[in-house]
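S.K.: Encoded as structure tokens, here's the structure I'll be asking about.
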Amino acid sequence: MIAVNSRNSLNADMTSLHPETLMVHGGMKGLTEAGVHVPAIDLSTTNPVNDVATGGDSYEWLATGHTLKDGDSAVYQRLWQPGVARFETALAGLEHAEEAVAFATGMAAMTAALLAAVSAGTPHIVAVRPLYGGSDHLLETGLLGTTVTWAKEADIASAIQDDTGLVIVETPANPSLDLVDLDSVVSAAGNVPVLVDNTFCTPVLQQPISHGAALVLHSATKYLGGHGDAMGGIIATNADWAMRLRQVRAITGALLHPMGAYLLHRGLRTLAVRMRAAQTTAGELAERLDAHPAISVVHYPGLKGQDPRGLLGRQMSGGGAMIAMELAGGFDAARSFVEHCNLVVHAVSLGGADTLIQHPASLTHRPVAATAKPGDGLIRLSVGLEHVDDLADDLIAALDASRAAA
């Protein structure tokens, strides 16, 4: 049990608390002592230093990836920020990680992980498609000095080289919701660190570090924030990787803005409730859509036959709130479908309160190589918090209209 006035010492030992409690109280240490109930938003871009010597020492300490020492000056917002640190502490606890490092966007987080691998002399990456289109594009261009081998899950071990720095997977995968067996991937990777994009599941449904992953990445813009009003990325990992990531962040200036940190940290407090509500709706929607003649196949982990390896229960605690579907009429049918939706919003992104629909091959996965791009008939749906009947009515009406227009 948590004592009534224990927020001074909260986070000292929270390992015995349930995830729902961690989401509410994580990163809240010291609030009672400060006389406040919620964290303050510190917008300072610079911080006073006591003298030249200690200021210089603090600067060097933080710029090389260390965390702020008690009593030291943070010197400059690019090096360390208190609200960002609170968000990091909260997310690390949820992912069973030693630490977490937050960034301005999810792509900034991915960039930092790749740069850390390059700087360590291990620029080769093994990646399993599909991935988020931005991640795929970044790897394919080699812009950061990386080289990539695209491998099937079963071929990871044979793809690893002496200079392989990371194995990168996303599960469920964006946009098709393919499932990856993390135990199998970690075993195949051997001593090579595995980075898992956990954006679709969130720590509510999946904790990759518990399966041996070294780094867990989130586009915090999505479910963690949950309201479509703050951008950010975050990686939960061990202390060694966290130090390397903070150094890259300090050098590249990719720190999450304090206002974004506040909103994303606040979003964590309702994450479990939002995620489970959206998941319930998604499961029912997937079944209704699966029966529609305009759809050739619905991809949703919770549907019968779509989890042949039994990852639900063993790796994931639920099917999540994302749905992918393939329209029998291909691109023309897909385009007509999304353009006939009224309640459901035609937009990229995901994980917010409202339901979003988009055509990945035209938008989020447009830069992906033709051989790996999603099919022209595939649609991605991020299920929100609306009533399931209202969503079903809108989607089925749009499907019917697209068939009539064919």
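Here the Cβ of each residue, glycine as well, is placed from N, Cα and C on the backbone.
Feature annotation from Swiss-Prot assigns pyridoxal 5'-phosphate binding site to Tyr76, Gln77, Arg78, Gly106, Met107, Ser219, Ala220, Thr221; the stated evidence is similarity to another entry. Sequence annotations record features per position, and here Swiss-Prot assigns L-homocysteine binding site to Tyr132, Arg380 based on similarity to another entry. Among the features that Swiss-Prot reports, L-methionine binding site is placed at Arg380, with the record citing similarity to another entry. Residues or ranges marked as N6-(pyridoxal phosphate)lysine by Swiss-Prot on the basis of similarity to another entry: Lys222.
Show me how these features fit into the shown structure, please.
M.R.: Neighbours of Gln77 (pyridoxal 5'-phosphate binding site), defined as other CB atoms within 10 A of its CB across all chains, total 19.
DSSP assigns Tyr132 (L-homocysteine binding site) to coil in the three-state reduction, placing it in neither a helix nor a strand.
Sequence-distant neighbours of Arg380 (L-homocysteine binding site) (same chain, 6+ residues apart, CB-CB distance under 8 A): Asn174, Pro175, Met322, Ile323, Ala324, Leu350, Ile357, Gln358, His359, Pro360, Thr364.
Remark: Lys222 (N6-(pyridoxal phosphate)lysine) has Gly106, Thr199, Ser349, Leu350, Gly351, Gly352 as non-local neighbours, by Cβ distance under 8 Å and separation of at least 6 in sequence.
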S.K.: Report the largest Cα to Cα distance, in Å and rounded to a whole number, among the residues Tyr76, Gln77, Arg78, Gly106, Met107, Ser219, Ala220, Thr221 that the record lists as binding pyridoxal 5'-phosphate.
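M.R.: With Tyr76, Gln77, Arg78, Gly106, Met107, Ser219, Ala220, Thr221 as the binding residues for pyridoxal 5'-phosphate, the largest Cα distance is 25 Å.
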S.K.: Using C-alpha atoms only, work out the spacing between Tyr132 (L-homocysteine binding site) and Gln77 (pyridoxal 5'-phosphate binding site) and round it to an integer in Å.
M.R.: 30
S.K.: Can you count the other CB atoms that lie within 10 A of the CB of Ser219 (pyridoxal 5'-phosphate binding site)?
M.R.: 29
S.K.: Within 10 Å of the Cβ of Arg78 (pyridoxal 5'-phosphate binding site), how many other Cβ atoms can you find? Include all protein chains, please.
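M.R.: Other Cβ atoms found within 10 Å: 18.
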S.K.: Looking at Cβ-Cβ distances, which residues of the chain lie under 8 angstroms from Met107 (pyridoxal 5'-phosphate binding site) while being 6 or more apart from it?
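M.R.: Once residues fewer than 6 apart are set aside, Met107 (pyridoxal 5'-phosphate binding site) is near Gly134, Ser135, Leu138, Gly233.
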